[in-house]
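Novice: Here it is: the structure, laid out below.
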Amino acid sequence: MSAPARPMDGETFPCPLREPSFSSRAMQWLSSRPRDAEVLVVAPSLQAGDDLLHAEAASGGTRFGAERLTLFQLATRLAVPSLARAGRVPATGLSGAAVIARAVHGLRLERSLDYFHDVAARPGFPATLARTFEELRREGIGWDSLERLPHGGPDLAVLGRAIERELEGSGLADRALVLEWARAAIEDGATGPPVGLPALLLDVSLTAAAEAHLVAALARRAPRILATAPAGDARARAFLERALECEPRFVPARGTSRLAALKTHLFEETAPEQVGDDDTVTLESAPGESHECVEIARRILEESGRGVRFDRMAVLLRSPVEYRSHLEEAFGRASIPVYFAHGTTRPDRPGRALMALLACRAEGLSARRFAEYLSLAQVPDPGSEEERPPRWVPPDHELVPEAARPPATSAPAPLAASRRGRRRSTPASPNQLDIPLEFPAARPAERPEPSSAPEPPPSPVHEGTVRAPWRWERLIVDAAVIGGKERWARRLNGLSRELRVRRAALDDADEARIAQLERLMADLANLTAFALPLIERLAALPERATWGEWLEHLEGLTETALRELEGVLARLAELRPMGPVGPVDLDEVRLVLAPHLRDIGVPPPGHRYGAVFVGPIESARGMGFEVVFVPGLAEKLFPPKLVEDPLLLDEQRRALQNGVITGPDRVAAERLALRLAAGAARERLHLSYPRLDVEQARARVPSFYGLEALRAIEGQVSGFEELQRRSRSPDSPRLGWPAPERPEDAIDEAEYDLAVLAPLRRSRGEPAAGAARYLLAANPHLARALRARALRWSENWTSNDGLLVAEQDDLVRAALERHQMDRRAFSPTALQHFAACPYRFFLQAIQRLEPREESVAIEVIDPLTRGALFHEAQFEILSRLRARRLLPVSRESFAAAREIAEAALGEVAARYEEDLAPAIPRVWQDGVQGIRADLVEWLRRAAEAEDGWIPDRFELSFGIVDRERRTADPSSVPDPVPVEGGLM
């Protein structure tokens, strides 16, 4: 309706989303503008604005001059002059998190917090504070008003002022400041588009006073304006009423279908006069979230068979974290193209590799963390750093222009290669083939002539992965690097010298051992050439520096150490506005970076057309689809458990009396989510919930929102038992047999096969024999797996049970021959395993399976280390005593023997200390002192003994040919020694 105080047509238009009346009214308003006239469309998302403009263009022809923006994009454009004059830029998520973390860190060091001092050290505190701070700022709450609140009110005021100072000092502007400066720019007389254009506000989400003030200022300058809001969004409607100064007009859903009844009466006190008899709204259940998503994929294929395009269907989620991975798997199996509105999340290997290197530096150049970095396949190819041209990577933010973003995929692609039991004619990759690839052999005339030039040695790194990463890790363990820049160089160089000495001592006839050592020396040379410069760069990281200096170091480290750079550089670019801030230490840098580098959001393709839309319910605001699926209508999923803000409780919020969100607003927001999902559906709405929580192994209770949906449709309240009965389909798949009743309804080959086998399992008659034989011919891999499974269930032991029977295989017998008791030596520990369990002996002594070794500093001297040190010290002591002719030890030679023992133990202990790098020196010293006391007592008892025994042949060994020993008597021989009754 028109507002008499100013020349504008200000209408608010709350209605169910995407009803024909709504589309007609919005497009009618657009069509009333000339096709070449400038029009401003403010939408909750760019996708919603695109959909509206495309629909209007399809019905009325091409339009020029229509500009669609989100509200914050509009605010940023209007605030640019003020931001430039103040030398500030909008804060991104990463830079904002860094500012808040720094403010909290500084206040804790100053002990300026009282109520929140202890909890402020927890890792989740900055993120929680960020949400509270943004809400208070957008509502215009003064920090002085917080000081009068009980509990943490004064601390929140201190934190708020500190964050504002940090933002100003960092040259950043939070969202509330951008909205405020945008409003001020309009009120100060800003001219030129988009100010002064006819404006359409398409379901813009107004949740705070700062946004409403901007809309009011924009409306006062617009010659004509139309605003729409979804039914049930009372908060946005109230803001629009005050901003546009006009009364709203409600447009009800038309028709008598069950879907129209749901839209009209959901969460209202009204009820339908008659119940529609149609399937426009369905409610189903499935045994778990994974099966629920499979059923959604099946329904999508059915709707597609009716002629509904994929991009006219949507899956709207209230719990995206629980459902995103299940939907990816289900749609991939069914080869359904999918568009995730917020992209997908993957573990970020480059980001985790960088965090592993920073942890390596924080833990004193830890070898364990360096091995973790090697395992992430981010080692650059040799020489690739010199070949990389300089690059600029823009930050990942909605304000970055499209032209500056890296190119995106033009269209979504299916996630898998099979659909409904049929093979694709052109597989996307060899991994998706059902049969092995067969390459034709080259004809003799096409074979190249062999070259006489020697082939270059293979690169130690292939596509970011060390060719034999376990060998590099083994060398790090053997070198006992543990940590410290000097120790890295000293230990790797020492191991290199040791390998060269061992190589020189070998006879040329031992070709196998020579080849093994030369391979180890080559691996060690590659490791040293790569690791030492990287360790030098890590050691050069400052203890404290400004963010600008840190970014310079981190970008250089990324260029040097990572193979995939763009994602990490884009997130580091978000911190560039924080360049002057500091100094900060490495722990604070890791605290800020960790949440943003461990996982990466894979952005969606360039547009959603041609694919099923999947996203949070809020992302579909302002959009409409013919068919909508809403999964997760179960307890604690939709709605989730509502909790108060832990930093500003509702009791404190009500005392502010300034419109901040409290409990009733949160309840209304959850109800609005279901309204939005229902309103987005034009023809059909499919609701579903999981009957089982598979992870917790318990039954799930359907949400009471399901009861409310039935009440809105049928006009009467049902019970949970009735809801569960009506939602369970007779042909619903079972948890233990995930397949439909009919093979024709299968979404992939696995479901098809299970659906075929299900009636055969129930049939015990003769016709069932051979009915599944097609499986053996359909896929050779499946045939091999089925045969192996059958053999595992047979009574005889076969190789399919994980055991190799020597009597049945000559190769097995030959392999075990060299491990016979008369062919090689076994330690007493190995023989002890044999007596307890022969299979354990096989794994430990023959297969050499053992816990993975890590090069870490020891904290205590374990019995094995203590025994090895004691024996080596005894060997050194006895060897020196024999050389000085002091054996046997007597009372007269006890003093001299004790001095020799002290010196020998000191040398052996120093060698072990260098190898093990004990983390707690005092514990190591106490352990060595205990060994010293034992050795002195051993010498004293030997001196007092009168049995005439003279020690000889210390650490004598024979028959040990598969290991090298540093301490062994010169008389030791590698060959077995014959004794009466057998061999030793």
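Glycine too: its Cβ is placed from the backbone N, Cα and C atoms.
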Novice: Among 5-24, 645-664, 965-984, where does TrEMBL put the label region 'Disordered'?
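Specialist: Checked against TrEMBL: region 'Disordered' maps to 965-984.
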Novice: When DSSP states are grouped into helix, strand and coil, how many residues of the compositional bias 'Basic and acidic residues' (722-731) land in each?
Specialist: 6 helix, 0 strand, 4 coil
Novice: What mean pLDDT score does the domain 'PD-(D/E)XK endonuclease-like' (826-959) have in the model?
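Specialist: 80, rounded to a whole number.
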Novice: Counting by DSSP, what is the helix, strand and coil composition of the region 'Disordered' (721-742)?
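Specialist: The counts are 7 helix, 0 strand, 15 coil.
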